[in-house]
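Notes follow the structure.
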Amino acid sequence: MFVNNVHVNNVNASKSVCISLPFYIPLSPHLSLPRSLPTLLSEFLDIWDVNMLRNPDEVNKRQHTTHLYANDHLIVRRGQEFQLKVTFDRPYKPSDDQFAVEFVIGGSPQFSKGTYIPVSVASDRQSPWAGRVLDSADNVVTVGITPAPDCIVGKWRTYVAVVTPYGIRRTRQDESRDVYILFNPWAAADSVFLDDSNEREECVLNEVGVIYHGAFDDVSERPWNFGQFDYGVLDACLFIMDKAAMPITNRGDPIKVARKASAMLNSRDDDGVLVGSWSGDYTYGVAPTSWTGSTEILLNYSSSKMPVCYAQCWVYAAVFNTFLRCLGIPGRVVTNFFSSHDNDGNLKTDIILDENGRIDKQRTKDSIWNYHCWNECYMSRPDLPQGFGGWQAVDATPQETSDGMYRCGPASVQAIKHGQICFPFDAPFVFAEVNSDVVFYSRNPRDGTLEPVKVNSSHVGRMVVTKAPGQDTRRDITDQYKFPEGSPEERTVLEKAEEYGCQREKAILTEADVELDMPLIEVRVGDDFELKLEFNNKSGQARTGDVYVSGNVVYYTGVNSSEFLFKTPKVTLDPMKAEKKVIQVRSQDYMRKLVEQANLHFIATGKVKETGQIVTAMRVVTLHNPKLSVQVSGLAKVSEEMFVTVEFTNPFKFNLEDVYVRVEGPGVMPPKYKHYSLILAGSSLTWTESFNPRREGPTKLMASLDCAALRQVYGQAQLTVMP
């Protein structure tokens, strides 16, 4: 039989310790324990104290770059040594004394599964993790522990055990000795190792992000507090894996962690973190455009154990990014402008025209998102051929199922660029998002057959951007997803993708000799403006035709909400001449129909009478919103009271109702919000809140204003907190 967890009081110890007789020595049922057990044990080491060196200014958190976490426990990164100090009742004698530091994770720890790790400090004993005595002075022994670079990531319990002939003397469980072990992008042996120090600084340690949205040639940006170091966020991220019932043994593999998180960040299938909604009605939650950071979302989820309402793609991506960075996986948010959401495995977005060249809205079902945000995380991919590690695309926005769940990735960005979409996970879907063609079909009214009349191969995946390391500017990473349009490499890649089942439009079409363009215009919400159509006749003959111009209020997903403009100008073009047509757009026509992202989509199509050729042009106009003013006052010093003032003036001729203003800042101010039932036309609001910075360094305060009539209103202020 085994006798375990026998509690005795050692007369020479300062406190009670737990004695556990050896797990590995079977005791005879007839063997009696010595009457003087405490006296005999007094000859052996007794453990008086275990100091985890867990304070932010002590060696461990500084060396492991975890001093920013608002967490009292020890937080270290795997594959790198950390220290603890053990105080015994007498000086440690290496020749006579044996002790080990034990680490345990999960409900039923087992050595064979890597969930029970005994670390011996003796050089003649092998341990799964390295251990050594760094220093021994008087009764205090400083121990160095190096977790394996592939060990389980999570919260480990810590014990110190002394071996005696009578059993193992072990410290009692003490929550203050728990240690969080994270992924380590600084360690070359860790599968998330990122050698570029600037990228690592940005994609692991930066708490303030920029989310890009709008249109590819009129990019808007908004700040976001990832808040990966905020109080409670680390536990919330670990809770996500617990809620998913993810096996403990899988939690050291970043591939499995990222894939599980892509499913768990949305609430489909598994009651994950965020409920998606594109309805415009957010009565029972927070509008996606109102959030200013991830902290409030993650803390609400971990405390309520219920999905949080509501999210759209950039919210999913931003919170996913917090999860990745918090656990030590390098992560970044990317935005793909004109993102195709393909669900049938082809590389075509179909637009159906009638015999006159006008869009058949009843039969045109495909849509292209003005932009779509997803994530990239950095890791090696030992499951793929060499060269496909590095940045991996992952997406938590629930679009299509993968292996029966709403999730996407990790898909190797290198594999996507080279058309190697046969490899896991979900590479064909991401490939189509950046490579689909827009194909215009003419429908025969007699038999309903479709004939391709124009192919636009450069519209989808027009630009992929992310935040530049260490700067508040964007970085174009389109070339990481695909080769230049029309290049030999691009043709080779598309042919390779076709070998794996992706289908493209193969028709060879004669290029039209009339070009149509709608140039960029910048418009503020509520303004009248002119939409210009620029025609260019490149032929030596006159050209005529009817043009159909449709203006629609659209969601950023490309789905039409309502049509507010329809014009049919007639065009006559002289040989080798250009001509402009101007269409007046009135605010009164679109304002009452606006939806939350204030996007107007114009599409012009027509047929040249002399040749039958189709001309088309598309333009997304992102209406620019007014800004919030965010001002900071007071002495910018740790623990000193400061004030933030948010100001806004309603510039419209109508009232704003049911308005929410939010403000927060990593390391300085937790999320706060204020509700205004009414802001009259032309009137202003001023909201001042106090805060006490908890740590030094540069940071930002970011604010949002949100109501049904006005979304995407943001402001921010920078400050540097002194110690």
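The backbone N, Cα and C atoms fix where each Cβ goes, glycine too.
Pulled from TrEMBL, these are the features on record:
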ACT_SITE  C313  active site
ACT_SITE  H372  active site
ACT_SITE  D395  active site
BINDING   N435, D437, E485, E490  Ca(2+) binding site
DOMAIN    305-398  domain 'Transglutaminase-like'
Please list, in sequence order, the residues in the chain of D437 (Ca(2+) binding site) that are at least six apart in sequence and whose C-beta is under 8 Å away from its C-beta.
L347, K348, T349, V455, N456, S457, V460, R504, E505
Please name which of the active-site residues listed here, C313, H372, D395, is nearest in space to E485 (Ca(2+) binding site), Cα against Cα.
H372
Helix, strand and coil residues within the domain 'Transglutaminase-like' (305-398) as assigned by DSSP
15 helix, 40 strand, 39 coil
Given the Ca(2+) site N435, D437, E485, E490, its other Cβ neighbours within 8 Å of the Cβ centroid, in chain order, are S457, S458, V460, G461, K482, G486, L494
Please report how many Å separate the Cα atom of C313 (active site) from that of H372 (active site), as a whole number.
6
Other than its own, how many Cβ atoms are within 10 Å of the Cβ belonging to E485 (Ca(2+) binding site)?
11
Looking at the domain 'Transglutaminase-like' (305-398) alone, can you tell me the average pLDDT?
90
Rounded inter-Cα distance in Å - N435 (Ca(2+) binding site), D395 (active site):
17
Neighbouring CB atoms within 10 angstroms of the CB of D395 (active site), all protein chains considered, total 31
